[in-house]
Amino acid sequence: MSPQTETKASVGFKAGVKDYKLTYYTPDYQTKDTDILAAFRVTPQPGVPPEEAGAAVAAESSTGTWTTVWTDGLTSLDRYKGRCYHIEPVAGEENQFIAYVAYPLDLFEEGSVTNMFTSIVGNVFGFKALRALRLEDLRIPTAYIKTFQGPPHGIQVERDKLNKYGRPLLGCTIKPKLGLSAKNYGRAVYECLRGGLDFTKDDENVNSQPFMRWRDRFLFCAEAIYKAQAETGEIKGHYLNATAGTCEEMIKRAVFARELGVPIVMHDYLTGGFTANTSLAHYCRDNGLLLHIHRAMHAVIDRQKNHGMHFRVLAKALRLSGGDHVHSGTVVGKLEGEREITLGFVDLLRDDFIEKDRSRGIYFTQDWVSLPGVLPVASGGIHVWHMPALTEIFGDDSVLQFGGGTLGHPWGNAPGAVANRVALEACVQARNEGRDLAREGNEIIREASKWSPELAAACEVWKEIKFEFPAMD
């Protein structure tokens, strides 16, 4: 036996497999202010104790592997390992537990959402000892937050750029989402902006297809913006989707948007990736562009209740990576979203400091230490009858986006925009006068429609529209 082998054996190295909980389950651990804290919903396989399952998550998302390795002796596991420090059963669910894991900050590269997610939600989600695993929430320490730029501008700077205060902003996604020529697309943009909307939007899958190349779309939309601004005296914008197949092409499109003098561009941050998104956010801050973020693909990740990742985690990641707007659900439209849970992550997007509140899905107190806020965007199956509820639920710091609810107006695009603007102004005025939007909302809309034929026509078209499907899961 060589001296080296004898030395290693003498310090206690023993090859083989041992339970994760012996090393990674530490219920006496006191979390540090610099730790990243994670709350996982864990569903162990039959026969796997919850402590072992929670420890396995901590191990496989930090320093652990399936067997003991001799190179463990070359570093300090106590310094670098993740720790499962608390486990609690999920009320009303069989064999589901919330496992709380603390990660030392040294495990993560500064300013990199990509690296953070590669560790915390990487290979561990395919681990055989778990039937299902869901990341419910993260506590990002202030020391780590300060390594990120965050949103290019934030809520207050955006309002100052647009000179719009005291109300939600209004938007519209141009439909049909695919198939229009650039000129017809620009015409729809102009009509909606002229009618009273603040923004129009590329749909998330509008990039640079054969029927409408990106440069042509950018040019016709810029023309529409300038014409609408001249006629209305208001600052207008269109979310020009810069998402592309490469980061270089994405930046090239953003550069062209800046050269046209438009105020805002757009990115699909999940399909485009966090590295690309952070690069674009940095470019937007340096060059005075606002950045609208679409969350296409989020439901693949967040819709299952016991596996994947809750959108509040994706929302926190977006605030770190950078974006001035992000889609957040509506509570009232065609897309899924529970009111209290949705408002929980809306507050995580906008506010500087958010207290732990399990009733709203917030597992940890979060301090954003001066990182700018993000405007939540309510979009998907909403129309004028929803305006009172949306105004009450989301408040002033939001974007209310009506696609079909604008372009589906029987008189055309501009009257559809007029109807939405009148409905919004009526709701804001009623709220400022002390009226109860939740109780008097329909009456407020009916009163406003008496002096707005465009709103009256919209009210008639969408009076019976509902999106109610029984939930089977």
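Including glycine, each Cβ sits where the backbone N, Cα and C put it.
Under the heading active site, proton acceptor, Swiss-Prot lists Lys175, His294. The substrate binding site feature in Swiss-Prot is assigned to Asn123, Thr173, Lys177, Arg295, His327, Ser379. The Mg(2+) binding site annotation in Swiss-Prot covers Lys201, Asp203, Glu204. Annotated N6-carboxylysine per Swiss-Prot: Lys201, in sequence order. If you look up Swiss-Prot, you'll see Ser208 marked as phosphoserine. Summarising the annotation, Swiss-Prot assigns phosphothreonine to Thr330 and lists similarity to another entry as the type of evidence. For Lys334, the entry in Swiss-Prot reads site 'Transition state stabilizer', with the evidence type sequence analysis.
Mapped onto this structure are the features recorded in Swiss-Prot.
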| residue | record | Cβ neighbours (10 Å) |
| --- | --- | --- |
| Asn123 | substrate binding site | 10 |
| Thr173 | substrate binding site | 24 |
| Lys175 | active site, proton acceptor | 16 |
| Lys177 | substrate binding site | 14 |
| Asp203 | Mg(2+) binding site | 18 |
| Glu204 | Mg(2+) binding site | 21 |
| Ser208 | phosphoserine | 17 |
| His294 | active site, proton acceptor | 28 |
| Thr330 | phosphothreonine | 26 |
| Ser379 | substrate binding site | 24 |
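For His327 (substrate binding site), the count of additional Cβ atoms within 10 Å of its Cβ stands at 23 [all protein chains shown]. Highlighted in sequence order, Thr173, Ile174, Lys177, Asp202, Asn205, Val206, Tyr239, Asn241, Met266, His294 have their Cβ within 8 Å of the centre of the Cβ atoms of Lys201, Asp203, Glu204, the residues recorded for Mg(2+), and are not part of that set.
In this structure, the binding-site residues Lys201, Arg295 were compared by how many other Cβ atoms lie within 10 Å of their Cβ, and the smallest count belongs to Arg295. For the pair Glu204 (Mg(2+) binding site) and His294 (active site, proton acceptor), the C-alpha distance works out to 7 angstrom. Among the recorded positions Asn123, Thr173, Lys175, Lys177, His327, the ones whose Cα is located within 10 Å of the Cα of Asp203 (Mg(2+) binding site) are Thr173, Lys175, Lys177. Closest in space to Thr173 (substrate binding site), of the recorded positions given as Lys201, Ser208, His294, Thr330, is Lys201, taking the CA atom of each residue. Within the set of recorded positions Lys175, Lys201, Ser208, His294, Thr330, the entry lying nearest in space to Ser379 (substrate binding site) is Thr330 (CA atoms). According to DSSP, Ser379 (substrate binding site) is assigned to a strand segment. In sequence order, the recorded positions near His327 (substrate binding site) (Cα within 10 Å of its Cα) amount to none of Lys175, Lys201, Ser208. Taken residue by residue with DSSP, Thr173 (substrate binding site) is part of a strand.
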